[in-house]
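Novice: Sharing a structure with you now.
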Amino acid sequence: MLVPAPFLLVLLLLLGAPQVGLSQRSPKAGSSPSCLHTALREAEKSQRKDTSLLIKRTFPALPRGDPEDQEGQEEEDTEKRTFPGSVGGGGGGGAGSTRYKYPSQAQFQGRPSQDKAKSDRRTKVTLSLDVPTNIMNILFNIAKAKNLRAKAAANAHLMAQIGRKK
């Protein structure tokens, strides 16, 4: 769990600050809060900088500006995630493209012509959670291939030993 830096500084102030009593007077009592205030401002600046970098790198869909701009950004994000589909209905051609089903040409023949918005929806494929699954399948296939190569090498070694004994 990550705790914000200003919270940690305030906690440090409350728990670790020296107690000023009757017998204990600090000659620089006025400078200590100003130092802490400066440190707190620096921590807030660095935190804003870090969070803005995180937002830019890992969370492009988070709202950053005015509510009016969010609608345009959502449309741009949707356009970035969609790809024109192939004419044959296969989609992106990847391993998960069989999950996207399009109506056959026979179904289109009986219907009247549809407006452009509906036909555009059928020709675009939207990325979903299939992408990480496809990547995992590729990694599993690579691991299986390495395992098979290792077994084949071990079998070849055994066959060579058997051939020497005869």
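Every residue, even glycine, has its Cβ placed from backbone N, Cα and C.
Okay, these came from Swiss-Prot:
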SIGNAL    1-23  signal peptide
COMPBIAS  41-51  compositional bias 'Basic and acidic residues'
REGION    41-123  region 'Disordered'
COMPBIAS  68-77  compositional bias 'Acidic residues'
COMPBIAS  86-96  compositional bias 'Gly residues'
COMPBIAS  113-123  compositional bias 'Basic and acidic residues'
MOD_RES   I162  isoleucine amide
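Each of the listed features needs to be described in terms of its position in the shown structure.
Specialist: Classification of I162 (isoleucine amide) by DSSP places it within a helix. Taking Cβ-Cβ distances under 8 Å and a sequence separation of 6 or more, I162 (isoleucine amide) has no neighbours in its chain.
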